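First the structure, in the form of structure tokens, and then the observations on it.
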Amino acid sequence: MSILQQLVSGIGVPNFGVILPEIIILITAFILLVVELLIRSRVVISAITVTGLILAAASVFLIKKGDVTFYGLYVVDMFSLIFKLFLILTTLFVVINLKPYLDSKKSYYGEYYYIILFALIGMMIMVSSPNLVTFYIGLELSAVSIYILAGTFRKDYRSKEGAFKYLIMGGMGTAIISYAIALIYGRTGSFDFYTIASLINSNNIDVGISGALILLIIGLALKAAAVPFHFWTPDAYEGAPTPITAFMAVAAKIATFAVILRVMVEAFPFISKEWSFAWAILAAASMIIGNIIALRQENVKRMLAYSSVAHTGYILAAIAAPTGMGFSALIFYSLIYIFMGIGGFILLSALEKNHNWSNHIDDFKGLAKRSPMMALFMLIFMFSMLGIPPTVGFMGKLGVFLALIGSDIWWLAVTLVVMSIVSAGYYLRVVIYMYMYEPVSKARLNFAMTEMFTVAFMAVFVLILGIYPTVFWGISTTLSSLLIAGIGR
């Protein structure tokens, strides 16, 4: 046996097969780098990106779950595979609608596509992280990529302002999380979630661990855009290209919630109940502030930005109920938010392409007469975000509500109901403007086929999952049970 073979056999070769989706996306990103320099064809670059994402999504089904690779730094369990699949599909729907939007703005930067893919890789690393080091690497890869995407409208001061605020607040979150990780490592001597869990319980929490947990919660809340760390959200969402806003509001948020759940269940399972009150306060503040400020918005895109802060509160409320039901509700709400969020923002993107459309609330006057189908789809998304049956948004809020009641957190359950009622003020306002007012313009509204397909697809699934939620709820319950049991490690 050669010296090289001896070294390899001694060290061990990581199982690269379990990261096949990540490899496909990485190769696609590097191909785009070369193609963008040589060809600069929008159609070719978009087609390559879509092909890579489809192949990556298909490869998820080829992976054997339960594998741990890279010396315990990367886990591929059912939880990570499901979230990876939905993150890839979310990115796919964003990408297919990016080209028509950029064409309408006469703005084209090929780097949009491969930076989105780098951000996606970071999110996929996040959801597969059983270790604070890999979690941090994935978090920063996705965050830095999104900083760039948020400021790609270089001549728009709103884009630059939003990106700058996001960069500053994101940098603060990075510093806070870094310090929290350092404190945890100093106390336990390990970055591994399960090792940390074996060394820390409710009987041996000292000042160092308490401080680390406070900092970790603050850092993660900042990344999730929870109140009072949400200040960057409306400006960053409003200034970014609307398909990118959809990516930021949905994919980045979902990946963050997946990480929060994995960290709390795997690294701190014995003290999650003691810290549930902190999550409950963040949830209540996000619901109250997000919904109240959304009431005052005249720009619908900015309104949906504050709405996303409120939805962060609904999801955090599920974390505040640290039970199997609560974790299932978190996973379920995270997955269904994809359909509501992508549908709503892509619909705005489609409308924004039209001449003199600024996403101001007055632009929606008479939309039902100018485009009956788009008005119907918008109504479905607004009803779902509000939580009106038979939409899936109702089932999501019902799951969180029942989890809170089961954990005797009545005050937060009441807050959820009251704030959902308050949110009717701005969700139904859009519906009233669409159906009860005369159009401000008679100009024809044009939409790309990909936009119509995406919006229709999301609207249909919002209704189907609202009427038949058992499949998604079953997936959520299974993932929650497996995560709590620690299966896959």
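Quick reminder: no glycine exception, Cβ is built from N, Cα and C everywhere.
Sequence-remote contacts of a segment are chain residues at least 6 beyond its ends whose Cβ falls under 8 Å from one of its Cβ atoms, and for the transmembrane segment (19-39) they are 45, 48-49, 51-53, 55-57, 59-60, 62-63, 69, 74, 76, 84, 88, 110-111, 113-114, 117-118, 120-121, 124-125. The annotation transmembrane segment is assigned in Swiss-Prot to 19-39 (among others) on the grounds of sequence analysis.
Swiss-Prot lists 43-63 (among others) with the feature transmembrane segment.
Annotation source Swiss-Prot lists transmembrane segment at 78-98 (among others).
Marked as transmembrane segment by Swiss-Prot: 115-135 (among others).
What Swiss-Prot lists as transmembrane segment is 166-186 (among others). Sequence-distant neighbours of the transmembrane segment (166-186) (same chain, 6+ residues past either end, Cβ-Cβ under 8 Å): 132-133, 136, 139-140, 143, 146-147, 150, 196, 208-209, 211-213, 215-216, 218-220, 222-223, 229, 231-232, 235-236.
Here the transmembrane segment (207-227) has Cβ contacts under 8 Å with residues 139, 143, 169-170, 172-174, 176-177, 179-181, 183-184, 186-187, 200, 233, 252-253, 256-257, 259-260, 263, 268, 271, 275, 278-279, 282-283, 285-286, 288-290, 308-309, 312-313, 316 of the same chain, all six or more residues outside its ends. Annotated transmembrane segment per Swiss-Prot: 207-227 (among others), in sequence order, evidence recorded as sequence analysis.
Remote same-chain partners of the transmembrane segment (241-261), defined as residues 6 or more beyond its termini with a Cβ less than 8 Å from a stretch Cβ, comprise 79, 83, 86-87, 90-91, 94, 97-98, 101-102, 105, 107, 112, 116, 119-120, 123, 126-127, 129, 135, 139, 142, 146, 149-150, 152-153, 220, 223-225, 301, 304-305, 308, 312, 315, 319, 327, 330-331, 334-335, 337-338, 341-342, 345-346, 348-349, 352, 483. Annotation comment: Swiss-Prot describes 241-261 (among others) as transmembrane segment, evidence class sequence analysis.
Residues 213-214, 217, 221, 226-228, 230, 264, 268, 303, 306-317, 319-322, 407, 409, 411-412, 415-416, 419, 422-423, 425-426 of the same chain lie 6 or more positions beyond the ends of the transmembrane segment (275-295) yet place their CB under 8 Å from a CB of it. Residues or ranges marked as transmembrane segment by Swiss-Prot on the basis of sequence analysis: 275-295 (among others).
Residues annotated as transmembrane segment in Swiss-Prot: 303-323 (among others).
If one looks beyond the transmembrane segment (327-347) by at least 6 residues along the same chain, the residues whose Cβ comes under 8 Å of a Cβ in the stretch are 86, 89-90, 93-94, 97, 242-243, 245-246, 249-250, 253-254, 257-258, 261, 265, 301, 304, 308, 311, 314-315, 318-319, 321, 374, 377-378, 380-382, 384-385, 392-393, 395-397, 399-400, 402-403, 451, 454-455, 458-459, 461-462, 465, 469, 472-473, 475-477, 479-480, 483-484. Positions annotated as transmembrane segment by Swiss-Prot: 327-347 (among others).
Positions annotated as transmembrane segment by Swiss-Prot, on the basis of sequence analysis: 410-432 (among others). Here the transmembrane segment (410-432) has long-range neighbours at 280, 283-284, 287-288, 291-292, 294-295, 297, 300, 303, 307, 310, 313-314, 317, 320, 361, 364, 378-379, 382-383, 385-387, 397, 400-401, 404, meaning same-chain residues at least 6 beyond its ends whose C-beta is under 8 angstroms from one of its own.
Long-range Cβ contacts of the transmembrane segment (455-475) within its own chain (Cβ-Cβ under 8 Å, at least 6 residues beyond either end) map to 82, 93, 328, 331-332, 335-336, 339-340, 342-343, 346-347, 350, 373-374, 376-377, 380-381, 384, 389-395, 399. Marked as transmembrane segment by Swiss-Prot: 455-475 (among others).
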Practice prompt. Go through the chain and flag residues at least 6 beyond the ends of the transmembrane segment (303-323) whose CB is under 8 A from any CB in it; none is fine as an answer.
Written response: 221, 224-227, 230, 233-234, 237-238, 245, 249, 253, 257, 260-261, 264, 272-273, 276-277, 279-280, 282-291, 293-294, 297, 329-330, 333-334, 337, 341, 344-345, 348, 361, 385, 396-397, 399-400, 403-404, 406-407, 409, 412, 416, 419, 423, 426-427, 430
